[in-house]
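These come from TrEMBL:
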- A:His46: phosphohistidine (MOD_RES)
- A:127-147: compositional bias 'Low complexity' (COMPBIAS)
- A:127-181: region 'Disordered' (REGION)
- A:155-164: compositional bias 'Low complexity' (COMPBIAS)
- A:190-429: domain 'Histidine kinase' (DOMAIN)
- A:431-560: domain 'CheW-like' (DOMAIN)
Amino acid sequence: MDMSQYKALFLSESREYLRTIAEQVVALEQSPGERSAVDALFRGAHSLKGMAASMEYGDVVVVAHSMEDLMARVRDGATPFDAGVADLLLEGVDLIDVLLQDVEQERPSTLPTGDFAQRLATYAPAAPKAAPAEQAEAQGAAADAVPSPAPTGPAPSATAAEAAPPAPEAEKAKEPAGEAGGTVRVKTELLDHLINLTGELVTNKQRLLTIAGELASPALNDAISETAKLLRSLHDEVMKVRLMPFEAISDRFQRSVRSVAKKSGKEIHFELTGREIGLDRGMLEQLVDPLNHILRNAVDHGIEESGERERAGKPARGTVRLAVTRDRDRIQITVRDDGRGMEPATMIAAAIAKGILTPEEGELLSPRQALMLSCIPGFSTAKEVTDISGRGVGMDAVNAAIQKLGGTLGIESEPGVGTTITLRLPLTIAIIHALVVQVGQVKAAIPVNAVQRTVELSRRQIETMGKRQMFQLDDEAIPLLSLNRVLGLPLGRFPDGILPLFVTEARGRRVGIVVDRLLGQHELFVKQLGRPLSKLAGVAGGATLGDGEIVAILDLAGLL
Amino acid sequence: MALKVMIVDDSLFMRKMLRDILVEDGYEIADEASDGVEAVAKYKECLPDLVTLDIVMPNKTGIEALQEIMAYDAGARVVMCSAIGQEALTAAATEAGAKAFILKPFNPELVTRVLREVAQG
């Protein structure tokens, strides 16, 4: 039988099982003894083994088999589910994950799996709680279950016998979604094509609008407005198809919180809500690193040592909550910790000490702006950079990544009570609303999420403070910057004495960006730039305007 | 007329593989189910000539599903499928009315031979 036709299905379903296993391990750690989770773990390993055996992937069989065995012992009460078991199972998940990548790339695997299998087979809890007799029995059972040395050939039927009775009923344990009730699996490229086509249609609609403007035909206008309505529905439907539940990435967060907590010796209770909320699959992937970083920060810098917490009258165990919610067409993700919080004054003092701010500028900052200082490159309030939160990549990178997705990042903090980081994201990253501006001979687009407002400023309103030009907005002095200058283009002339500008936030402060002309808001279909242009800092992508002109979509965070 | 088979397995991969083997051998696939509860419900709906039934499944194990199917239809022809190591359950399954046992990973010739034997009584 030609098994190669099943490879893609094997890989996708195996990964679903790995995800289930990782999730259930973390769930079991939070509420040990949850029978349905134990059963689901056993079944996950069992199914993985069966599939790998069919595909004749001997290494995967060995690892999955040893995990299944260990879970059978846990289920039968011979081995308690403790941190050691959790570690081993997660190690097994990682191991299989690497093996699957080898399978996918069709390269021979070099991972030694025998040692892992051996450790699982002989695992005994560090502090046995079972009565001596029971314990001896458990050890005996474990010894019996040792698989004969890892099979080298692809014949899994040569592995040792396993004594695993069927799993009894499990109620709410999550199973990988199969092909249940009227759903189909489609290739992700197909979804990408769909959104591409929809995007091209949006561009074409803009073109029709331009032509209609020139022709002034009511009939044509009607037809276009009807098309626009249909397009919006099409766009909504295509977006829905592209949505994937947040849980597609959430198990990684549980694991990373767990591992940082372990490394830093802190006790953390991690809560996750909203795992069912759907996000654009393109966006999900790009959220992994930023969220991981925020969570690591929360555990590593936010949550205090348990002694310090107790002295402050807090529970010894810190809590980190990750919540995903959807509000109409926005996604909100919050990471809330009950740690030491951040002091705006300390942040300002640190920024002044580092030469990022002058003392005068520091005085002008609101508490909210002071907290945003942490998003400035090179700024860190942690006294020492620990191995865990990583060097180099800080909140500045997180902020830039979120802005690139068309989102915003907010920080709220109360000293002694905790910190909340809020990400607000659009539902889609493919079609955006952007402010189109003229600078010199070129047009550029700025996603509207980055634009706080537009202003037409009279020259008389400009004040010069030192080397800087500023203007007053809502009783705040806002520095002016020329986009022409930033992009190295000839400066604008402004013969009528009016400077068009938009206000944005950079480095935690508002700035006015002066352009030659504000051309209005457009719906744009964002296309990623190919190499080498994709390496350009400050450009997030490109799009075609209705008249066929190409505009660069600016990434202000990267540009300023 | 082609015999109708219902395939029960919680793994989509396994169902797909079995389906391909059976269709190739001239069977008609009456339906598929991914757990024990679904298996019992769908059996009553489509009344297949043959059932391949996995043992380790969520919601209701294959053995439990077998008992319910047999209670509903004493003439049901059910073949149990399971991975190596579950041989210990052969007796329980036979007692509950299973007609045969197929070991995973599936060997196409073995699968078709066992099903043919069961179909012919």
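A Cβ is built for glycine as well, from the same backbone N, Cα and C atoms used for every other residue.
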*Conformational class of A:His46 (phosphohistidine) under the three-state DSSP mapping*: helix
*Local Cβ density at the residue listed as 'phosphohistidine' - other Cβ atoms counted within 10 Å*: 31
_Integer average pLDDT (0 to 100) for the domain 'CheW-like' (A:431-560)_ = 87
